[in-house]
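Undergrad: Pulled from TrEMBL, these are the listed features:
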TRANSMEM  33-52  transmembrane segment
TRANSMEM  85-105  transmembrane segment
TRANSMEM  112-133  transmembrane segment
TRANSMEM  139-162  transmembrane segment
TRANSMEM  174-191  transmembrane segment
TRANSMEM  203-222  transmembrane segment
TRANSMEM  243-264  transmembrane segment
TRANSMEM  276-299  transmembrane segment
């Protein structure tokens, strides 16, 4: 009987991976202090802005009837009550934290950091400008549109992560097959079917959801993806790879679950209305732009 000279090391690796220590070690080794400082700066800035007097914060909000470039940017960092601030900070920590971990382990850290800088510096002005397409006598504020941008980036990070960790033959070009059903899911959440409204606009959300699923299936078919097999292999890979599979499962849960937060069935509150339009814009722009760059191989190393 002959044994490979790597038999011992392979056994050690298998044991290490079985308890997830290899995952933790690789993640810690890939993290950069400068990245953590950049990520941590966002909650600090949001908290600092919230510490300003309310009159100052209101002056930094984006007024649709009197828009300026300055307030187009600052409005996304403004919150008028602590619950709104806490919710957006929590959403950012989860979305950006999971996204960064996926990027580090997928070898696309530079892609994530460029996206982070773009979301924080350029997206506020872009989202505010596009918001003017829906005129109203109101002010806009809050970080939720940027959070939805991180949610839009997450499917791309999951795709790269899955390719690097589980399915090296997978193509990034197939990712729009996920985008269309997700947009349909958001429409379904934002426009729920109302009893007795089967012949009214109450079916718009359901119709959009069905259309999104069909478009996703058609796109997947056109790129050679077999949905049933992909789902089965994805579940198997997540279960058989402790740590790596757990992170993948958390990312998938966020992709599906976070829209429930961003697209409530009743967007009206006591003194405000959730801006579903800017949430959708944030998600779509954050998926489409980075996807084009990924598909073009811009960030291939």
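The count begins at 1 with the first shown residue.
Every residue, even glycine, has its Cβ placed from backbone N, Cα and C.
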Undergrad: So what's near the transmembrane segment (139-162) in sequence-distant terms, Cβ-Cβ under 8 Å and 6+ beyond its ends?
TA: 46, 57-58, 60-64, 75-80, 84, 87-89, 91-92, 95-96, 98-99, 102-103, 105-108, 111-112, 115, 119-120, 123-124, 127-128, 131, 170, 172, 174-175, 178-179, 182, 234, 237, 247-248, 251-252, 254-255, 258-259, 262, 274-275, 278-287, 290-291, 294
Undergrad: Are there three or more C-beta pairs under 8 angstroms joining the transmembrane segment (243-264) and the transmembrane segment (85-105), sequence spacing 6 or more?
TA: yes
Undergrad: Counting only CB pairs under 8 A, let me know which of 33-52, 112-133, 174-191, 276-299 has the most with the transmembrane segment (203-222).
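TA: Between the stretches 33-52, 112-133, 174-191, 276-299, 174-191 has the largest tally.
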Undergrad: Determine which residues of the chain contact the transmembrane segment (33-52) at the Cβ level, with the cut-off under 8 Å and only residues 6 or more beyond its ends counted.
TA: 60, 74, 77-79, 82, 85, 88-89, 92-93, 96-97, 100, 109, 113, 116, 120, 143
Undergrad: Let me check one thing: do the transmembrane segment (112-133) and the transmembrane segment (276-299) come into contact, meaning three or more Cβ pairs under 8 Å with sequence separation of at least 6?
TA: yes
Undergrad: Taking a Cβ cut-off under 8 Å, which residues six or more beyond the ends of the transmembrane segment (243-264) line up next to it in the same chain?
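TA: Sequence-distant neighbours of the transmembrane segment (243-264): 17, 20, 22-24, 87, 91, 94-95, 98, 101-102, 105, 144, 147-148, 151, 154-155, 157-158, 161-162, 165-166, 178, 182, 185-186, 189-190, 234, 237, 274, 276, 279-280, 283.
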